[in-house]
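Participant: For reference, the structure I am asking about is given below.
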Amino acid sequence: MTIMLFGAVGTLISFFIISFGAIALFRKMDIGSLDIGDFLAIGAIFSATDSVCTLQVLNQDETPLLYSLVFGEGVVNDATSVVLFNAIQNFDLVHIDAIIVFKFLSNFCYLFITSTFLGAFSGLLSAYIIKKLYFGRHSTDREVALMILMAYLSYMLAELLDLSGILTVFFCGIVMSHYTWHNVTESSRVTTKHSFATLSFIAETFLFLYVGMDALDIEKWKFVSGSPGKSVGVSSILIGLVLIGRAAFVFPLSFLSNLTKKSPDEKIIFKQQITIWWAGLMRGAVSMALAYNQFTRSGHTQLRGNAIMITSTITVVLFSTVVFGLMTKPLVRLLLPHSAKHLSSILSSEPSTPKALSCPLLENGHGSEVEVGGQLIPRPTRLGMLLSKPTHMVHHYWRKFDDAFMRPVFGGRGFVPIVPGSPIEQDLHE
């Protein structure tokens, strides 16, 4: 619930603040011919955080709760920003009225819901094909290829139907990680995990190389060379709006989220709220892609206002990545010194002993060990341990439905944690 609050509701709040702030301030600066659609697009562009950059400076073992909140919020935030941007482009917002606003909101909901269901359908289809059909079974090459191609199919279908590709791929990935990934052999699981991680790292590296080289393109800077002070002013205003827009939803929504938490360990303390606010200030690939989509034609622009927005976007991305990114680690160490201590190397991604399964999930705990039966047992750091804790909320009923109806058809490991060397693990290996 907290992730959806931050990722969906928070993005909408940031979108409105940045959009109306840009309308109020940029029209007084005479930066060029920008209409209401461009200002709303600016709100969507600079509401998209760069979750990949954030994950480079946050550690899952050091700050598991913050890592999960920022990562989950970042992905949902990117998807929401892209859907907002697509909805803006579908309407002529020059002559806006109540009917246009209603159509805009309904179009946003339509894109969000249909993209979500398409991603889930593609993930379930891949799980069914690999579990029930013979294609690629027990062949690592074919299983890995099927998983990659089915994920890519979800993106292609979304683009074909004019939906949000990033949102479709996101939910396809969630479903595939729960079902499809556990239907393949152990070697295919290991290969798939490292293949996607490598491709992700290479893609992100190319994107940052592109942003860096594009910043050195003299052509677009010629359009703003006559008024460098105005270009710096626009960039500074955008950075200020990003700071205000993020603060406007992180702290109020954290307060609302804490009201629903009964245990003090589940609540987001003020120092963690500051860290979440700061860690999400970085802007990156999604902002650049949306800016080029809105303000250029084939990567080039001859309009002064558009050129100012492109150069300002590049400036904001580089400044936020370098300055905010470099300061995130020291900020975490300053605000959360107990969480910044490196955990022992004996903590692996899976619990090392059966006793470790009885340890509670690490949320805001102050130690990396817990006493069980008079012995200090390493506390698991994976959020997967949440699945071993019974609860009578949404998760409880979803598990019952999943075990009764979904797993018999689509496979998957379900909600049972694997203990190394246990019969469950041996059966899976066989």
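Think of each number as a place in line: the chain as shown, counted from 1.
Backbone N, Cα and C define each Cβ position, glycine as well.
Just so you know, TrEMBL annotations never went through curation; they're auto-generated.
Not measured: the values here are computed from a predicted model.
According to TrEMBL, the record shows the following:
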- 2-333: domain 'Cation/H+ exchanger transmembrane' (DOMAIN)
- 6-26: transmembrane segment (TRANSMEM)
- 110-130: transmembrane segment (TRANSMEM)
- 164-184: transmembrane segment (TRANSMEM)
- 196-213: transmembrane segment (TRANSMEM)
- 233-256: transmembrane segment (TRANSMEM)
- 276-295: transmembrane segment (TRANSMEM)
- 307-327: transmembrane segment (TRANSMEM)
Participant: Between the transmembrane segment (307-327) and the transmembrane segment (233-256), are there three or more C-beta pairs closer than 8 Å, counting only pairs 6 or more apart along the chain?
Facilitator: yes
Participant: Which bits of the chain, at least 6 residues beyond where the transmembrane segment (196-213) starts or stops, bring a Cβ under 8 A of a Cβ in it?
Facilitator: 52, 148, 284-285, 288, 314, 317-318, 321
Participant: Out of 110-130, 164-184, 233-256, 276-295, what stretch is closest in contact terms to the transmembrane segment (6-26), meaning most Cβ pairs under 8 angstroms?
Facilitator: 233-256
Participant: Let me spell it out: take the transmembrane segment (233-256), skip the flanking residues so only those 6+ beyond its ends count, and list any with a Cβ under 8 Å from a Cβ in it.
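Facilitator: Result: 2, 5-6, 9-10, 13-15, 17-18, 21-22, 25-26, 29, 31, 42, 46-47, 268, 273, 276-277, 280-281, 283, 308-309, 311-313, 315-316, 319-320.
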Participant: Residues sitting near the transmembrane segment (276-295): Cβ under 8 Å, six or more positions beyond its termini, same chain?
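Facilitator: Distant contacts of the transmembrane segment (276-295): 6, 38, 41, 44-46, 48-50, 52-54, 57-58, 66, 69-70, 73-74, 77-78, 81-82, 85, 89, 166, 204, 207-208, 210-211, 242-243, 246-247, 250-251, 254, 268, 301, 306-307, 309-310, 313-314, 316-317, 320-321, 324-325, 327-328, 331.
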